[in-house]
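Listed in TrEMBL:
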- B:17-435: domain 'DUF112' (DOMAIN)
- B:14-36: transmembrane segment (TRANSMEM)
- B:105-128: transmembrane segment (TRANSMEM)
- B:134-156: transmembrane segment (TRANSMEM)
- B:163-180: transmembrane segment (TRANSMEM)
- B:200-218: transmembrane segment (TRANSMEM)
- B:355-381: transmembrane segment (TRANSMEM)
- B:387-404: transmembrane segment (TRANSMEM)
- B:425-443: transmembrane segment (TRANSMEM)
- B:466-483: transmembrane segment (TRANSMEM)
Amino acid sequence: MFTRDFVGGVATIAIGAVYLYFSYQLRTSALDDSMGPGGLPRIYGWLLVALGSILIMQAALASRTTAVVTASGEEAKGEWEGQGRKVVYAFGLLAIGIAYLFILETFGYLISIALLITTTALYLGAGFSGRLIAIGIGGAVFLYAMFVAILGVRMPAGILAVLGL
Amino acid sequence: METILHAASFLLDWHILLAALAGVTWGIMGGALPGISPSITMALLLPFTYTMDPTAAIVLLASTYVGAEYGGSVPAILIRTPGTNAAAATVIDGYEMNKQGKAGLALGISLYSGFIGSMFGLIMLIALSGPLALVALNFTPMAYFALGILGLSVIATLSGENLVKGFIAAILGLMIATVGSDPVTGGTRFTFGSSELLGGIEPVMIMVGLFAMSELLMQASKRGSDERVRSRPRIQFPDFKLAKRLIPSQMIGNGIGTFEGVMPGAGGTIASFMSYNEARRWSRHPEEFGKGSPEGIAAPETANNTVAGTALVPLLSFGIPGSNSTAILLGGFLIHGIVPGPMLFQRSGEVVHGLYAGLFTATIGMVIMGILMLPVCIWLVNRPRPYLNAFILALILSGIYSIHNETFDVGLMMAAGVLGFFMRMLRFPFLPTVLGLVLGYLVESNFRRSLVLSGDDYMIFVDDRISLSLLVLAFLFIGGSIAKRLYDTFVRKPETITES
């Protein structure tokens with residue numbers, strides 16, 4: 001049965017192992033102090049692996065003591081089950097953010113941010129309407145005015161460079 | 001007295017006044033939005049502080065904290081949804097008063113008590129920070145290392161339901177802090193050939209990702225509440241008779257808020273609930289609690305606003321952030337190359353005095369803006385979440401990009417957001433990660449410098465008296481927390497309150 005602690009423990013060990021691998025690749029030189037650049041990172045890595053193992057053990061102990069069996073004898077679902085859908089929804093939003101980064105230089109800030117606001121609102125459940133378009137454009141103009149005109153931040157102009165934006 | 005006079009001179013500085021008013025206004029609006037905590041409200045502002053004058057930047061962030069603590073009570077009273085965790089206790093009697101048609105009075109009591117709490121918190125901040133920092137003036141590298149360990153020991157009380165998860169979260173932060181140049185030899189670590197990582201990962205990217213981006217990802221993964229504000233109340237302050245009745249509960253809020261604020265890791269949520277409980281215990285009308293008692297609003301609101309001031313004591317004196325919001329404030333200090341702690345009062349005294357003046361202005365401003373911004377808050381609370389979240393995402397991405405005009409930074413922030421999202425899902429606390437991140441350099445550099453000084457003799461940490469005292473304190477802190485958890489697990493029924 002997958003519990004949050006079990007999944008967290010496995011993820012922790014995986015992160016610790018990757019970090020340890022790279023910490024052992026760190027170069028040392030004759031000028032280093034006794035601990036060297038890899039000293040503490042290695043300690044952190046091993047600590048993470050150890051703590052991840054403890055978390056898994058805690059999860060195993062907890063699931064053994066609180067194993068719930070339904071009246072029909074069917075085992076209760078793990079608390080981690082059904083989370084996949086949530087991850088997919090969240091990653092949809094992340095994909096929109098990444099797409100924004102890819103179009104930013106080409107389309108320029110004004111167009112990209114308008115598309116970002118519109119697409120994100122649409123993705124999060126706002127229906128397609130004139131209001132959505134108006135908020136996308138209005139929001140973009142507001143942010144452009146705030147960052148570029150007031151704060152003087154140099155945002156990519158992209159295809160609007162010809163207009164001096 | 002000299003401190004107060006020096007701080008008063010900043011009251012004429014329009015940069016400070018503007019920053020305080022802007023911060024408190026932004027804080028009230030952010031705090032009023034359910035799901036947007038004070039720390040997220042502050043994190044959204046962080047990128048904008050890069051180009052600001054350091055004092056004004058710190059005042060802006062600290063004033064946001066003050067405003068958000070009040071703002072959280074607006075939806076708590078109007079739609080039974082606390083805007084911030086610390087406002088959760090306000091829901092109990094605030095919403096009851098709203099149902100009785102006294103929403104305006106409930107908001108007035110909240111604002112008035114928030115003012116009392118903030119002002120008292122500021123007085124305690126001025127009284128405690130300076131003297132505590134004086135103690136720490138003679139710090140050696142060993143003492144700084146021990147101070148870092150003491151800061152990390154706060155994790156023991158911030159770990160929520162599971163101490164192991166707290167330690168894992170802290171080590172993740174320490175690991176992120178190792179990216180970039182080695183603090184002793186200057187060699188590169190974990191940069192993978194990226195020139196953007198040579199200078200290390202700036203805390204602002206991680207903080208905005210962990211707090212703000214992960215919240216948006218969480219909201220994308222579930223459907224939010226569609227509750228709307230039906231009425232349009234106007235703030236009504238308590239009359240003399242009621243104000244007199246509120247004094248004991250406000251004093252309880254002040255006392256508990258001071259204690260909990262100074263204790264790293266406790267925070268406004270615990271202070272609010274404890275104050276509510278104690279106010280009910282000592283009230284002449286305990287039977288009214290839960291049915292729309294004015295004291296039931298005054299106590300928690302005084303407490304969480306007192307904490308907004310006193311939580312800065314460990315940050316300014318020792319450089320230890322005791323809550324998410326003060327961790328963001330620490331990020332604001334670091335952006336400007338200012339390191340809070342023992343030397344802050346010596347090297348950047350003007351920032352501290354400006355902060356005092358800014359907090360004073362913010363407290364006064366909170367009352368004015370609290371009245372003026374109520375219709376805006378109601379309007380914001382009623383906005384459909386998809387539009388609001390889309391705009392917040394646009395603001396975050398634009399803000400982070402504007403720091404160095406690098407899409408790499410935005411990618412890094414989004415990666416931190418993904419980390420934060422999974423940490424939320426797996427119920428890992430955030431603050432230990434932030435603590436590890438901001439204290440990682442302090443711990444490693446001073447640990448290794450001490451060993452170089454002593455010729456690899458670890459006894460140097462015991463021989464240095466300040467170092468020894470701080471290490472003993474850290475071990476007591478961790479040991480005490482472990483003992484308490486064992487007691488709660490095996491002797492008492494588990495009962496935990498976590499601050500997100």
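In case you wondered, yes, glycine gets a Cβ from its N, Cα and C as well.
Annotation: stretch B:200-218 has the most Cβ pairs under 8 Å to the transmembrane segment (B:425-443), among B:105-128, B:200-218, B:355-381, B:387-404.
Listed as Cβ neighbours of the transmembrane segment (B:355-381) (distance under 8 Å, sequence separation of 6 or more from its ends, same chain) are residues 3-4, 7-11, 13, 16-17, 19-21, 23-25, 28-29, 32-34, 55-56, 58-60, 62-63, 66-67, 70-71, 74-75, 78-79, 107, 111-112, 114-115, 118-119, 122, 125-126, 228-229, 232-235, 309, 312, 316, 388. The domain 'DUF112' (B:17-435) scores a mean pLDDT of 86 in the predicted structure. Comparison of B:14-36, B:134-156, B:163-180, B:200-218 by number of C-beta pairs under 8 angstroms to the transmembrane segment (B:387-404) places B:200-218 first. Outside the transmembrane segment (B:200-218), and at least 6 residues removed from its termini, the chain residues within Cβ reach (under 8 Å) are 35-37, 39-40, 43-44, 46-47, 173, 176-177, 179-181, 324, 327-328, 330-331, 334-335, 389, 392-393, 396, 399-400, 403, 409, 412-421, 423-424, 430, 433-434, 437-438, 441. The list of residues near the transmembrane segment (B:163-180) in space but at least 6 beyond its ends in sequence, with Cβ under 8 angstroms from a Cβ of it, reads 152, 155-156, 188-191, 197-201, 206, 419, 423, 426-441, 443-444, 481-482, 485. Outside the transmembrane segment (B:466-483) by six or more residues, the chain places 136, 138-140, 142-143, 145-147, 149-150, 152-154, 156-157, 163, 460 with a CB less than 8 A from a CB of the stretch. For the transmembrane segment (B:134-156), the residues of the chain that approach it from at least six positions outside its boundaries are 163, 166-167, 169-170, 264-265, 317-322, 341-343, 345-346, 431-432, 435-436, 439, 442-443, 446-447, 449-450, 453, 460-461, 464, 466-471, 473-475, 477-478, 480-482, judged by C-beta separation under 8 angstroms.
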